[in-house]
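Read through the structure below, which is laid out as structure tokens, and then see the notes.
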Amino acid sequence: MGTVLDSHFLALTAIVTVGYQLLFFVITALLKFDKVTDFAGSTNFIILAVLTLVLKGTWHFRQVVLSFLVVTWGLRLGLFLLLRILQWGEDRRFDEMRSNLGKLAVFWIFQAVWVWTVSLPVTVVNGIDRDPSVQAADIIGWIMWSVGVSFEATADQQKLTFKNAPENRGKWCNVGLWNISRHPNYFGEVCHAFLSPLLGNLESTAAQ
């Protein structure tokens with residue numbers, strides 16, 4: 001199936017992202033329910049990856065792998081954050097926003113821009129016709145993603161377990177990976193965040 005609105009789905013993904021984030025903004029604003037914020041962000045990545053892959057319809061190996069990795073990452077992170085906030089019962093980031101519609105709107109606008117921008121490499125890869133052969137950089141990228149998502153998932157679980165222990169209330173998490181880094185989960189994010197631009201650059205270069 002051909003592209004929609006533009007050659008690399010840029011307009012389409014922007015419209016879908018704005019609409020999806022607007023929906024959750026309305027829910028949050030009307031119901032004062034901010035437990036779906038991170039879930040809305042994570043699942044938006046999944047929607048864009050799957051949507052562009054299916055609409056393009058070429059199903060090249062790199063497109064399928066990259067989309068699969070985005071979906072896997074998004075599901076893991078989205079479900080983890082949703083279950084965590086449902087367990088904890090509150091998100092202190094929104095303490096000052098719940099009664100300030102302007103600040104809340106700015107947050108959701110920022111999230112929409114963040115999702116669309118970070119998804120650009122996947123969007124571009126899924127919108128390209130050419131199918132270059134797998135290169136060494138692809139393998140390096142996939143390894144980086146595996147290390148990153150494993151690091152992030154382990155760090156998230158270690159911190160959750162630490163915070164849920166009553167004797168650790170108010171303490172800084174310093175167990176496991178948190179004993180060697182202040183933000184091991186962010187390290188994991190950085191590792192697999194490099195994967196999409198790397199593959200996007202390879203695909204764009206091959207298509208020239």
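Glycine is treated like the rest: Cβ placed from N, Cα and C.
Owing to the predicted nature of the structure, the values given are computational and were not obtained by experimental measurement.
As recorded in TrEMBL:
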TRANSMEM  12-31  transmembrane segment
TRANSMEM  43-59  transmembrane segment
TRANSMEM  65-83  transmembrane segment
TRANSMEM  104-125  transmembrane segment
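Sequence-distant contacts of the transmembrane segment (12-31) (same chain, at least 6 residues past either end, Cβ-Cβ under 8 Å): 3-6, 37, 40, 44, 47-48, 51-52, 55, 101, 104-105, 108-109, 111-112, 115-116, 119, 123.
With a cut-off of 8 Å between Cβ atoms, the residues of this chain six or more beyond the transmembrane segment (43-59) that come close are 1, 3-4, 9, 12-13, 16-17, 20-21, 66-67, 70-71, 73-75, 78, 115-116, 118-119, 122-123, 126-127, 129, 131.
Within the same chain, residues 35-36, 38-39, 41-43, 45-46, 49-50, 52-53, 119, 122, 125-126, 142, 145, 149, 152-153, 156, 192, 195-196, 199 sit at least 6 positions outside the transmembrane segment (65-83) and bring their C-beta atoms closer than 8 Å to a C-beta of that stretch.
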